[in-house]
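Can you read through this structure? Questions will come right after.
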There are 6 protein chains.
Amino acid sequence: MDNSRDGGGAVPEGVRLRDVVALLEEFYPVHTAQSWDRVGLVAGDPEQSVGTILLAVDPTLDVVAEAVALGADLIITHHPLLLKGIHSVATTTAKGATITELLVNDIGLYCAHTNADVADPGVGQALSMACGLIDTEPLQVTEDQELGRVGDLPEPVSLQQLATRLVEHLPPTAGGIRVSGPAAAPVRRVAVLGGAGDSAFEAVRRSGADVYVTADLRHHPALEAREEARAAARAGASSTPYLVDAGHYATEWLWLPGLRDRLAARLGGSVDICLSSVRTDPWDFVVGAGGPESHHSENHPTDHGGMP
Amino acid sequence: MDNSRDGGGAVPEGVRLRDVVALLEEFYPVHTAQSWDRVGLVAGDPEQSVGTILLAVDPTLDVVAEAVALGADLIITHHPLLLKGIHSVATTTAKGATITELLVNDIGLYCAHTNADVADPGVGQALSMACGLIDTEPLQVTEDQELGRVGDLPEPVSLQQLATRLVEHLPPTAGGIRVSGPAAAPVRRVAVLGGAGDSAFEAVRRSGADVYVTADLRHHPALEAREEARAAARAGASSTPYLVDAGHYATEWLWLPGLRDRLAARLGGSVDICLSSVRTDPWDFVVGAGGPESHHSENHPTDHGGMP
Amino acid sequence: MDNSRDGGGAVPEGVRLRDVVALLEEFYPVHTAQSWDRVGLVAGDPEQSVGTILLAVDPTLDVVAEAVALGADLIITHHPLLLKGIHSVATTTAKGATITELLVNDIGLYCAHTNADVADPGVGQALSMACGLIDTEPLQVTEDQELGRVGDLPEPVSLQQLATRLVEHLPPTAGGIRVSGPAAAPVRRVAVLGGAGDSAFEAVRRSGADVYVTADLRHHPALEAREEARAAARAGASSTPYLVDAGHYATEWLWLPGLRDRLAARLGGSVDICLSSVRTDPWDFVVGAGGPESHHSENHPTDHGGMP
Amino acid sequence: MDNSRDGGGAVPEGVRLRDVVALLEEFYPVHTAQSWDRVGLVAGDPEQSVGTILLAVDPTLDVVAEAVALGADLIITHHPLLLKGIHSVATTTAKGATITELLVNDIGLYCAHTNADVADPGVGQALSMACGLIDTEPLQVTEDQELGRVGDLPEPVSLQQLATRLVEHLPPTAGGIRVSGPAAAPVRRVAVLGGAGDSAFEAVRRSGADVYVTADLRHHPALEAREEARAAARAGASSTPYLVDAGHYATEWLWLPGLRDRLAARLGGSVDICLSSVRTDPWDFVVGAGGPESHHSENHPTDHGGMP
Amino acid sequence: MDNSRDGGGAVPEGVRLRDVVALLEEFYPVHTAQSWDRVGLVAGDPEQSVGTILLAVDPTLDVVAEAVALGADLIITHHPLLLKGIHSVATTTAKGATITELLVNDIGLYCAHTNADVADPGVGQALSMACGLIDTEPLQVTEDQELGRVGDLPEPVSLQQLATRLVEHLPPTAGGIRVSGPAAAPVRRVAVLGGAGDSAFEAVRRSGADVYVTADLRHHPALEAREEARAAARAGASSTPYLVDAGHYATEWLWLPGLRDRLAARLGGSVDICLSSVRTDPWDFVVGAGGPESHHSENHPTDHGGMP
Amino acid sequence: MDNSRDGGGAVPEGVRLRDVVALLEEFYPVHTAQSWDRVGLVAGDPEQSVGTILLAVDPTLDVVAEAVALGADLIITHHPLLLKGIHSVATTTAKGATITELLVNDIGLYCAHTNADVADPGVGQALSMACGLIDTEPLQVTEDQELGRVGDLPEPVSLQQLATRLVEHLPPTAGGIRVSGPAAAPVRRVAVLGGAGDSAFEAVRRSGADVYVTADLRHHPALEAREEARAAARAGASSTPYLVDAGHYATEWLWLPGLRDRLAARLGGSVDICLSSVRTDPWDFVVGAGGPESHHSENHPTDHGGMP
């Protein structure tokens, strides 16, 4: 952890953990995180040397194993490891096993979460760029921070085209991108919010967006949002906003390449910076998914053979 | 609503709404619902006649329109229309527009939610049968009610086989079934919980299940459950339980055919009972979904062309 | 509800519900209601036509029946129908029966409550005028709104005279006006608050009022207010403020004639506006009431014949 | 307070405060009070002598003055003086002035509130007897205590007759008894609850009572109870339960004569026991009260001369 | 209490209680007390005469007895008698017995607590002067009030010297002053907070103080503060801040002599002002205390003879 | 942490951490801890070998350093390290530095807190024996667990004798034992509660104890307890219970020797078990402490030279 444990008494040459922490707090000031969030240095001694940094969305056991294999000294993730406080680091829990693996391997962990969401460049900005938005403005202001973006496409595209283009920018996932709305409907104004988007429907409606690109939407909030859109549209307008659920992991992964480039530019050649090759989306495969031809109003056979 | 409004003074012959309510409360006693739930008669006059009943998962505007087209007198749904109390039925909100459509068309609405989840036959039992489980027992007891089921398959199958078989019993959805775990891993003990399953991971772990079939799982709870499984398995065991997210709408739809048959058996030929042909799953299509070959530990290219 | 249900495709001529709503929100802006209140359009479709409006204090079943008999399209009341959220509109509850009667008869409902209390003209202003106050100022400020009034009579009158004059302006009620204080005591400065007044005693004390005209006072708050007045007066001053409980229904009814006149002036001859003839005060008759001769300190016989 | 302050060193002869406290706790065990209540000895030294006791509903300044004039050593009241905790006994507040008057005059104070409500004999029993009920049972059970009574009249009487009879048993008050319901409607089953009755409507409905005799009812709870009764009665039944508001002070005063007799029987001739002659009902007179002829559905002139 | 009770009709000559209250509220404005605090006049009539005032830290029964013996008319204390509201003044509780003793002896009580803490001169200022601090500034701001002080000694002294000097200024107590830190360590910057200091450790750390002089520190907060200091000092610095627990009673007693002098200066010769001779620190004696030679890291024999 | 990290593949011989954990959970079942407590394994891998165990009251940095110096594999403490959840183990906080030191040195940590308090043998039992009590019973029952003890001395001793004897059994501390009560007063019935005792005064009063031996008493609770004792004793009885504050660390340290012996008996010669030589009481020295001659009612000079 500190140099004395490495047997050397010499003052560390090159970059120390405190230097990387200072840089990250310049990029993502701690006071810009939401009050319930837990960001910053989660493991490590500010005096330890940093030669290799691994970037990932989630601090999973596989990501730590990747860091050990790489000889990394620091992992930077979007999601906090200890959002809920822990009372033990025994290896009998996943959190304890992860902390133990980090510490016995002298690997630090730093998390930039809602402070990275609101930064520019940051998570919301990266998703906005992946959608190709221009003239963006904040989607909502929460605890004095601008969370999410809303902006326009240079020209209207169909809902399906928007989703298809987004696929090209996102890391591949088993589940892909789910869409609620007519495939051919034109969209131009787009609201984006990386990660779980259930709580921002009211802001999306106020924004006048044709479509809301986010992730982790559950049945009831999504259906209620679509019902409100349909109720408002009964006089003949289109039932916007439509919904695009592009995956929690995938929408937030978009932030990592930009972070890598910024760190490299500032830390120079003395530190190696790697993007994790571990996909931390929990889903491994999908069966039975339909295609864009399966429209909302389409009937499905109500009697399945073998159905009890 | 009551016959007098229809201009007729004759006493209704045949089945009245109060008779159907009594039957449903026999099937799904109100006191078996969770304390936070809102079940029972949501709209209608107990004295009105019932000739046609429509069964659906959600009381959406499209389902009400289907009922109007069918000339239905009553809709029975799983999800409550008014789980949160409302302060207006003006048509300017989706809830108000739905209530108004129901009342001006003299259509009653009855909801059986968590009381139907715990009933046998009921929602949990239907999902358990769709999985082919035997020797089932309750997954957990919440407010004195047995919620979810855990049981065994007659013989082990691979995780992918389980998911593929389930597709055959579920109504088609755009997103299909998402699976977390190795496709070839053998599973035999299965925990099931229709609808949103984030809150039951602890019970699933206690149950010793190899796999948890449920729906509406979000990134963090799913990933944390998988991490706990991996931490517990570091001594060499398999990292069970695996996860199968079969869709909120789809897992609960399974209950409707059985309800139709029970109502028909008790109400005789005097009432027509129809399954809704409206798919109330909010998702219309999917793009970019991978297949079972996209394994968890597989790398993905970290630099996408055109990535900002 | 909307014209399509009436079979006609023609654009409605004359006044639509949305026009009346806009006018009411001009008179009583929604943002001036207290945060716990529930004001605005409770039932109806903004596009429906409005030819007759009925004004009442409470949206009771009898008031709705009166509206049906009158052929009214809209009821405007002071008290919200759904201050507490409801989870059902089945006719098995009073709220559900009321909503059902409104909707099947295509009658809208609009409520202006605490936003009408604070408006000028409004409920507080109407009570202030009925008392004959001049030079009024706000009694208290709650959530940035001026609630109640305090002002002076042109010249002092006795407490009994004040009450007797008030009787002439209020709609008759079974219980009349209850007064706490000596009948002959002179009063000049008067605080008024329509409806339930238990919560404003502190503001009344601060205002220096000789008497507090309000309603729905209960034993403990009223007695404690009188005791504080007596304690403060032990050095020889009068034990003010005295109390006048003029009835919840009666004090708020005063607002209706003025509203009728304002609506008529703005909506012209195309809409008929009626004051309800239903007295929604819950009390039908009184027995055993004493007169002003029954003073506070007077003894009453402590042994009643036949007392157990 | 204690004898040493009276200058005498002799052991007190006769009854001491501790003896009276013991007797009252036998009549009204402290553990039968509601958890929020504050009953028992409020002022006094258990060792002081008691020669004269004054009984009253409320411990007002006038009641204390009456005790001083009588030379009373102890006041027993129904209502607690200090239901809300106090932080000062300075004479600048009514509570402080009352405590100070009690202590400087060596007068003790004992309060029996909800424990007296539920006792038999007690407050509920006294109101039940004043109504002439037979075959009574508890109205509701709250915190394991039986609160209120419901029972039958020996034979049906009209609602007005019930109220008129009750007047004969109650101490006179300015406001008399308010009644909601048709004067001529027959009633037989009667629910009673002394003091404020807003919270027991649900229990009254369950009890099947034709009429609810209680006090301190406010506009909204009373009107909502009447509306529920009317909604339930739309099929043709009578709109019971009707309401009788007989006054908070008056309904609880009924308990005092019985308490006087019990204390006299147990304390013998050594202690004088007096009923207070102070009427602590806050209302001194009433103007403008109507009579039983002013029925609910009667119109009232909607334009008053001189109305602004 | 007031003169009328003493039989005299003459207007009191000299100082009345209301005059002293006005003076104290000038010294310690009520609005500067913390919101949870209960300060001001606790017993007494503003019109009563005041000839003798007794000053004490706590309003104990012994202090009241001292006031009775002195013929005092008013006690002024730092600690509120009724910080928690009381529901009885019967002599069966200590609070009730104290109130009763005060009132039957016509002795008023006034408490200046957190408003005296923050005043200058006041409690924090007195402790700061006893330590000999110069250039002081507020330790923390709580509810807009400046609580505690931090400042410098004219020149560094050892931790033991600081404690020894403080002993000379404090009233003697059984327990003396407890110190955490090396006796010989030099200290210069000192944070002070009279009374219980557990809640201000964070402010002390921010202040850069070498030592924190306060009282009533418990094991866990004190040990955790020392551990944080040791963790922060692992790079070689001293493990400051050290801790000095000088006693709750003793640190707050320091305020009394200054108050006596201010009152005397303003009230002139007409009022006698006495410092209480009752030590209200609860501790009477100590056994087994070690001396400064018992250092933190010293071993103690781990096996005591006779230990079970 | 586990053996594989030590480079050895051999199955560990001898005792593993899981064996010690099982033994401790036999001694102190986890379900007997209070619901707010956090007991059990805080750091370590159940598979790691255990050759040396260190026992201490608190898991401080000095205790961990002692364990490193000893080559200990496990520390067992009374106080939890992580009673409040933590969100980081970076070395910038004391908790993080402690966890890091433990993990990089492969030292496990186990805490037995309130489950050790209630066990027999356990903390309460050890304090009871140190006092020499016989015929003990529980002091109070909290969450179904018996907390503290109350019992009798074989024969009465003076309060000072009790304290002096206790000194002989406790580890030496700077502050010694503080006593509230007359030195010569006889005591026989003794209540004991190791650690902070502020919350058990009510139970102590109910127990009839002459003296309460506990620790960490603060000014207000201790003084209020003494005042209640004095109020209750105004009729002439002794003002019991007296108070003995014997130190948080010292009263709980008493448990360690017994635990050492029990572990040694069960783990045999294969594990070395050591008592920590670190005194974790935060106080290093005391100045200005008085002796038993400084009685409560004694005056202190109210004017100190040099007092500001």
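The backbone N, Cα and C atoms fix where each Cβ goes, and this holds for glycine too.
According to TrEMBL, the record shows the following:
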- F:HIS78, F:HIS79, F:ASP117, F:HIS248, F:GLU252: divalent metal cation binding site (BINDING)
- F:289-308: region 'Disordered' (REGION)
- F:293-308: compositional bias 'Basic and acidic residues' (COMPBIAS)
To test your reading of the divalent metal cation site: which residues beyond F:HIS78, F:HIS79, F:ASP117, F:HIS248, F:GLU252, same chain only, put their Cβ within 8 Å of the Cβ centroid of those residues?
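The answer, listed by sequence position, is F:VAL57, F:HIS113, F:ALA116, F:VAL123, F:GLY194, F:GLY195, F:TYR249, F:THR251, F:TRP255.
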Specify the count of other C-beta atoms within 10 Å of the C-beta of F:HIS78 (divalent metal cation binding site).
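There are 26 of them.
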Near F:ASP117 (divalent metal cation binding site), which residues of its chain come within a Cβ-Cβ distance under 8 Å, counting only those 6 or more away in sequence?
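Looking at Cβ-Cβ distances below 8 Å from F:ASP117 (divalent metal cation binding site), excluding near sequence neighbours, one finds F:VAL123, F:GLY124, F:LEU147, F:GLY194, F:GLY195.
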Quick check: in three-state DSSP terms, what is F:HIS248 (divalent metal cation binding site)?
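Once the DSSP labels are grouped into three classes, F:HIS248 (divalent metal cation binding site) ends up as helix.
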Can you tell me whether DSSP puts F:HIS79 (divalent metal cation binding site) in helix, strand or coil?
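Once the DSSP labels are grouped into three classes, F:HIS79 (divalent metal cation binding site) ends up as coil.
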Given the binding-site residues F:HIS79, F:HIS248, which one's Cβ is surrounded by the fewest other Cβ atoms within 10 Å?
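Lowest Cβ count within 10 Å among the binding-site residues (F:HIS79, F:HIS248) is F:HIS79.
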For F:GLU252 (divalent metal cation binding site), what is the tally of other C-beta atoms lying within 10 angstroms of its C-beta?
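Excluding its own Cβ, F:GLU252 (divalent metal cation binding site) sees 26 Cβ atoms within 10 Å.
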Among the binding-site residues (F:ASP117, F:HIS248, F:GLU252), which are close to chain E, meaning C-beta separation under 8 angstroms?
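Cβ contacts with chain E under 8 Å: F:HIS248.
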